[in-house]
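What TrEMBL records for this protein:
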type	residues	note
DOMAIN	26-417	domain 'Major facilitator superfamily (MFS) profile'
TRANSMEM	73-93	transmembrane segment
TRANSMEM	100-118	transmembrane segment
TRANSMEM	124-147	transmembrane segment
TRANSMEM	159-181	transmembrane segment
TRANSMEM	287-305	transmembrane segment
TRANSMEM	325-349	transmembrane segment
TRANSMEM	356-374	transmembrane segment
TRANSMEM	394-416	transmembrane segment
Amino acid sequence: MSLIRATTDAVKNSPREIFNWYLLSCTWIWSFSGVAKGFDEGNIASLVSMEVFKERFGVDHQSDSEYSNTKGWIVAIATAGAVVGCLSCVKITEKLGRRLTLQIFTVVYIAGILGQTFSAGNLAALYISRIIAGVGIGATTVLPAVYISEIAPRSIRGLLTLQYTCCQQLGVVFGFFFNYGITRHYAGSQVQWQLPTGLQIAPAIIWGLGTFFTPESSRFLLSEGRQSDALKVLCQFRRLPEDHPYVQEEFRVMEAQLEQEMETEAGASVVDLVKETWSNMANRRRFILMFLAHLFSQWSGANAITQYSPTIFGYLGIEGEEGRLLATGVYAVLKFVSVLIFSVFVIDFIGRRRSLLTGISLQITTLLFVGIYLKVTNGRSADEIAANPAARRASEASIAAIYLHAIAWSIGWFSIP
């Protein structure tokens, strides 16, 4: 059964009032923070391939191997900050609430973006700024999912959570196409890399200000002992009176779940919780399964291709910055559309296990083809590839394989969460 079909069936058995524009607006505002991660990936992938960027930061004299190391640090160091953001926001949000925590990390993210934009050719300042921005990005991968799951009706929770993933992929589209458009008009100037970097602040302002118009989640308010406020917010989201059976039942379930969690965690230290995770076979199995699923998803190459796609397309024979950025823009759009189509219409219909195996098989095949192509054409310039009909056809097939890899990831590893 597809997500649309399952949601439609659930809607028929629920009060119509709970599906309202206020709920959708609040979830969209929080989901829009997903643009941060995607925008950063698309933007930095474009920047590190620009000659003006290399000249500005004094790395244009480096050899290919030296710049590969520098480029790796520039791209990956934000991920280190994201790890800090992911872990730190969990405890902070339990103390300060979902809304205030996201607002704090949004300010951190904006500070990091400003630092990158005005790093003035200082590589150390760029590194530090990317770590700071990464901290904010890390929080935006955790907090929206928590908030949406706490305010959304169970019947459409999956569909509303999907908004975040779509916004994340939309951010990649923004990152690539903004760079493509700006490169067409400002190639060779500092504006070429500074403007798309600074533009990352725009969506942050939208979701940051938007959070002031969204209430704190009922679940958090209830955990703080504010029962009346929690019930009021729940009614606000459901557009139903306090004495409505649907509201009463949902509120009772929420109270029971929180009470059970408090009993489980009462007096338990971090060590005790770790022991509980590993000593219980069911918990251990769940943890290992999900950990490996996300680990292999990262190792599948999807993020690496996104973050280095202009460089990769250059290896595959596409000439010029504009051409490579356009190719990466098409890649981002294809990934966004395939994520939307397969997550809504296909994955639940054919089954997650079958989707995963199909996607992995396609990813292995496409990466193997591209790897063989790069080995055979190693050292050849784009002009040499274009002059050889066989090499040109192989180049076109490799580019198609990269696009197919994006679709394969949407079918496979994306289906796991």
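Going from the start of the chain as shown, residues are counted 1 onward.
Each residue, glycine too, has its Cβ placed from N, Cα and C.
Whatever TrEMBL says is automated annotation, not expert-curated.
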Practice task
May I ask for the residues of the chain that lie six or more residues beyond the transmembrane segment (159-181) and have a Cβ under 8 Å from a Cβ within it?
Solution key: 3, 7, 23-24, 27-28, 30-47, 144-145, 148-149, 152, 195-196, 199, 203, 306, 309, 322, 325-326, 328-329, 331-333, 335-336, 339-340, 343-344, 414
Practice task
Report, as numbers and ranges, every residue of the chain located at least six residues beyond the transmembrane segment (356-374) whose Cβ falls under 8 Å of a Cβ in that stretch; write 'none' if there are none.
Solution key: 300-302, 315-316, 350, 394-395, 397-398, 401-402, 404-405, 407-416
Completion exercise
The answer for the transmembrane segment (100-118), taking Cβ pairs under 8 Å and residues 6+ beyond its ends, is 30, 33, 36, 81, 85, 89, 92-93, 125-126, 128-137, 139-140, 143-144, 147, 194, 197-198, 200-201, 204-205, 207-208, 211-212
Fill in the blank from the handout: Confidence over the domain 'Major facilitator superfamily (MFS) profile' (26-417), expressed as mean pLDDT on the 0 to 100 scale, is 87
Problem - Chain residues in Cβ proximity to the transmembrane segment (287-305) (below 8 Å; excluding those fewer than six residues from its ends, i.e. six or more beyond) - result: 41, 277-278, 312, 331, 360, 363, 367, 402, 405-406, 409, 412-414, 416-417
